[in-house]
Amino acid sequence: MDYLRTLGSAAVSSLVQKSGLTLPFSTGTRVTAFDGRSIWTLYEGTKRDDGSPVSIFEFDANQPGRRNVFPLAKNALRKLRTIRHPDVLRFMDVVETDSTIHIMTERVRPLAPAVHEYSSKAAQEREDWLLWGLHRVSVALAFVNDSAASTHGNIRVDSIFISASGEWKLGGFELLSSPKDDAAVLYTMGGLLPDANACAPPEVKKGGWSTLKEQNPAVADAYALGLLIHSAFNPTQPPPATAQPPHPPPTAASRGAIPQSLFGSFKRLLNPNAKARLTPKNFLELGMAEVTGESSGFFANNRLVKVCAGLDNFSLGSEAEKATLKESSSSFPSEFVSFKVLPSLVSALQFGGASAPAILPLVLQMGKVVPPQDYSSVILTHLIKLFASPDRGTRLALLEHLPEYADKLDKKTVVDKIWPHLQNGFSDTVAIIREATVKSIILLSDNLNDRILNNDLLRFLAKMQGDPEASIRTNTCILIGRLGPTLGYNTKRKVLVPAFTRALKDPFVHCRVAGVMALMATAECFETEELATKVIPNMAFAMIDKEKLVRDQAFKAIELFVKKLEEHAAAMPETAIEEHENMPGFNLPPTSPGSNGLVNSAAGAAGALAGWAISSLGKKLAAGELSSVIDGAAPSRPTSAPPPASLSSQPTNGLNGSVGTLGGLGRPKAPFGSTLSSPAVPRPTSVAGTSSTKSKGMQLGANKVPTSTSLSDWAMEAAAEAESEDTTQSSSNPWGNDDLIDVNADQDDWSAFESAPVPAAVVDLSFDGDAPPGAFSPSDDWGFSSPAPTQLTIPIHQPKPTSAVKVPAAASTRSPPPTSRISTFSPNARSPTPSERTASPAPEKVQTQSTAGMTKEEKTAEMARRKEERKQRIAALKQQKKHTGAAKT
């Protein structure tokens, strides 16, 4: 057991081993400075219940020379138990046996070593400390002599101890006796104490201790108090000459360091005449006199005495008294501040009131001299309790001075003891309390757990953003901005942008500025995508705020965010579309916004956007036509061959059109036919007296845009047809389920396209009525001239390209043909024979209408009608090809 090792007494060890007693304390090291100066041995100890520090006074009657003073030890125990006073050594517990006594008291240390320590300090500081101690001893003696009607009989340096608060405590009750007590030891055993005669008054030295029984109980203690004053102020000097017969009065030369104001009273305490001697009570009254004289006022003017006297009523003191305490607190002894002044001030704080703002700064200022290991017990323990106070003055003072002690708080204390009371400040009816609560959060945020930080606190802050006070709304926004980096990942994404956006819409200009600055401060909390999709869109309106201060800050914020986006975009690939995903035949023009060319003006951007849309739409349609035009005949060529040369316009003999030749082939180019992607547009028919001829051939890749239809209408109709077909028959072939060409009769189907000397499918070659003079009559290879059949317009709808359809590369770069009507001329062309004209009557011209503006039902009906017409026209074409082949044979 610990106390067996540290007790340091063989008697106590034997006692515990034999009796099995459980001591209420654990003894520690022995205080060697007290050895041989009393019948007691002093140990430092620890209370078992709570671990608080205590002192152990041990008496062992088995030690040599101690048996005869055993009654004195028992008297000290009895008197210490019964006399309770703030300036008397505080009794706590005792363990007593037949031969040993262990008294447990508050933790104290002997006065003698402390007096020597203060010898090296400044004279005024030392004097103040000694006078304050003598004042406490005088108060205790006055109580013992008057209230207890007893004589202490052992006033000396070794009977006085210093507590943890630096206060002097009166002990040494071995001889304390009352004249009325039959068992009084002072009168019969007073001389048994070590050096008892050193502090004995002249009457004792002359007539013995028994003479005191007939004297005033205070006379012996008054003489000993005078000797104590001399030894305290002059520890290195011998006792004054008056202590020895014939007891001459003290001279000014023997005063030493005793203050002049005290010296007169000091001489009266040492008066050899007991009846004329100054009693401790009278000495105390002189010292506390308001009028300062040669022998008075020495206690009243002492600053430490003033502090102690004013602590009890500090909250009622004047502002001047409070200011004096604040100014002089830096020179107080550290133990006096830590354990005397501070507990008294904190006790005054518990009553709240208007004094709280004045007391708390003093507590925190004096707390700076408290050792770090004692700060929690001396300062924090009391301050934390004050958070539960209902007094607004106390709570406000705690919040305003929080920066001075927040760093000394631990997480458990904040979460369990401070936060439950602190959160009430958010809903307080007084605005200054709400604002102070908001400001205090940032100091405690590091000690808040995730639950409070990411949930409970944010609920209160959301409420604070709607507070009637503009300053509270502004400080709330600033607080959220400072808390942003410490919030959880999901909380940041949900809270920050809405909170700051709300601040940007606040009517208070500084709150809006705080919102912009908070977004800038938390820029690292947002991912790059969030900057582009949430932050910038939600704060852009601040750039046109009515206040220039907000606008300027908003532009700086946008500049910061855009810079981050630019850095991110520079590291991104040019495109995320893989090569096999590119749209067939779709290439952006070099001046489009998606290419390398950038525009720097609004007009340039508008032009680039228009060129982008038109050129891409045209190329898409051209790509579709290349894979689906079938209404004309054209020479066969491989897909890898270069595209045919562009048509060149030449004047003809009265025909509206141009002559196109196939470059390098030495024969006329096949006429253009209708495209699949464009709807059939009504064309003007021949009228009497005019000749409007159009020579149409079938050629894959041809593209003819009627002059009466704009490109945008063309695209809209094509899109409408595609949408209608997707709705009515998404899985069927838009060309119909019947084969367009008989796959079993390749020679019959394709011979006309591959082996005919000229394209045979000539449409609309007739001349109506009388041709005007000089009109040109086309002729065929046979040298005949014949009127052309009635014009045939074959609208063919282009199916949507699928992945299975491979468009030649040349198709993607091929530009649409001119929109003018084109007639072909060939010197070898022939006119159909009369039998052919009879066998193949020209089909009637079909009038079609645009699907733009139709409802879905109307579009469905129109597309069904067009599908049926296509079937009929394809059948007519096949019949015509058969007659053409028969004519050749």
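Each Cβ is built from the backbone N, Cα and C atoms, and glycine gets one as well.
Per TrEMBL, these features apply:
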COMPBIAS  236-251  compositional bias 'Pro residues'
COMPBIAS  687-696  compositional bias 'Polar residues'
COMPBIAS  808-827  compositional bias 'Low complexity'
COMPBIAS  828-838  compositional bias 'Polar residues'
COMPBIAS  855-872  compositional bias 'Basic and acidic residues'
COMPBIAS  879-889  compositional bias 'Basic residues'
DOMAIN    1-299  domain 'Protein kinase'
REGION    235-255  region 'Disordered'
REGION    633-743  region 'Disordered'
REGION    764-889  region 'Disordered'
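Here the compositional bias 'Pro residues' (236-251) has long-range neighbours at 198, 202, 205, 227, 230, 263, 266-267, 270-272, meaning same-chain residues at least 6 beyond its ends whose C-beta is under 8 angstroms from one of its own. Mapped onto DSSP classes, the compositional bias 'Basic and acidic residues' (855-872) shows 17 helix, 0 strand, 1 coil. Residues of the compositional bias 'Basic residues' (879-889) grouped by DSSP class, helix first, strand second and coil last, total 10 helix, 0 strand, 1 coil. Residues in the compositional bias 'Pro residues' (236-251) partition by DSSP class (helix H, G, I; strand E, B; coil) as 3 helix, 0 strand, 13 coil.
Residues belonging to the domain 'Protein kinase' (1-299) score a mean pLDDT of 87 in the model.
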